[in-house]
Amino acid sequence: MSQQPAVATPMSGEMDKPLISRRLVDSDGSLAEAPSDAPKVGILGSGDFARSLVTRLLGSGFSVVVGSRNPKRTAGLFPSGAQVTFQAEAVDSPDVIFVAMFREHYSSLCGLSDQLAGKILVDVSNPTEQEHFRHHESNAEYLASLFPTCTVVKAFNVISAWTLQSGPRDGNRQVPICSDHPEAKRAVSEMVQAMGFMPVDMGSLVSAREVEAMPLRLLPGWKVPALLALGLFAFFYVYNFIRDVLQPYVRDGKSKFYKLPVSVVNTTLPCVAYVLLSLVYLPGVLAAALQLRRGTKYRRFPDWLDHWLQHRKQIGLLSFFCAALHALYSFCLPLSRVNRYEVVNLAIKQVLANKSHLWIEEEVWRMEIYLSLGVLALGTLSLLAITSLPSIANSLNWKEFSFVQSTLGFIALVLSTLHTLTYGWTRAFEDSHYKFYLPPTFTLTLLVPCVVILAKGLFLLPCFSRRLSRIRRGWEKDGGVKFTLPTDHALAQKTSHV
């Protein structure tokens, strides 16, 4: 099968090049005619995605011919640089043809089977969720069954029309590609690169079903962390409601239901943020304990621990989100009507008691330290969240990234613990704070973080740290690998850490 080169011009090192504007003409912003020697690409379809694809291809130096059932009606929708004609004429000369049509319209192309023979068909379609579960074969496989003399490649289905128009700088760069023919896959990969995207080889065409399922997933990596955060929020919200609202109403008949929208939420958010942050570092502690127990790093962790380790980024970002909301709610508290009434009532009580000066030194110091530690903890969490962004993480080497996410992350956990302890102060030892015999909320939140901090401190002891370093550098307790930890302390610090 003869194929003409798929790349129009040599690519620069930047994958996020903007849409080419050097050949813009007239005031309508349409692209001018492509050079006569430009590689020609065919497109079957005239929908939104097809129009965006034409714009991107023209901007990348390709010559584009569009096949439509009614070219006169659709010609005005495409840039002037594209040739819009009937489908039969559009598939004659190009060797690569994009099929930008819905699955149910594939059969309408059967009359072009002879003209399409030996050509590369790039399927860009996506099924609906119902269609994905109803059909046992992917759209690309169905297209290949209709045209056995053609080479079908699945690509571009995860790229939106907006990304095609604005360029990969404003969207996802990766384009999964799968096909049973390596040469066709290579040709399409070169086109992907020429258009400024990054091809990702997904294997044979049987993988098309998985590729088509990608756009149907809604934040797949966030499902478990989000459910965890919602579960923690519901638990602490109900717990705080019982202590702060229900107990005064049952015992003294005081209605404090006005606390539900702001006060109870603001008490719940830091609890969720604090526990989530501790859950980011707890699996690392468990993994280290398993490695110490097994005496090797070459055995797989249990599936639940492996999945937990993979979700640490999402859990950490949700922790930062809850902490940021807690800070915003706290800033808004002085603006609430309830706070104003409480300040006025306190002033009236002070006047009636003939107290000209109200100052409790211990409370002043407690609140000053409490606020300072909270600001430091939130600032450190902000740094962790920023370095989680791919654009920032890619600019850091492994040592820098590990220092921020591991060392600074543990510092953030310690600061949060001190912040919580300062908030609690001596309340855990006062009977008046045990409402309905329930302990103060902050005592519950301290359980997991304290376990993590104590375990981290335990692993710093020489008897554990040296053994753990040896294991992570390849030593095995019962294996054939015999390893002696270097006496140079600086070299020993280069070992990886979970």
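Glycine too: its Cβ is placed from the backbone N, Cα and C atoms.
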Self-check item: transmembrane segment per TrEMBL - which of 137-158, 401-422
Solution: 401-422
Quiz prompt | Top Cβ-contact partner of the transmembrane segment (262-290) among 224-242, 315-336, 369-389, 401-422, 442-464 (pairs under 8 Å) | solution = 315-336
Practice problem: Would you mind listing the long-range same-chain contacts of the transmembrane segment (315-336), meaning Cβ under 8 Å and 6+ residues beyond its ends? | Solution: 225-226, 228-229, 233, 262-263, 265-266, 269-270, 272-274, 276-277, 279-280, 374, 377-378, 381-382, 384-385, 388, 409
Self-check item: Secondary structure composition of the domain 'Pyrroline-5-carboxylate reductase catalytic N-terminal' (40-127) [DSSP: H/G/I, E/B, coil]
Solution: 37 helix, 23 strand, 28 coil
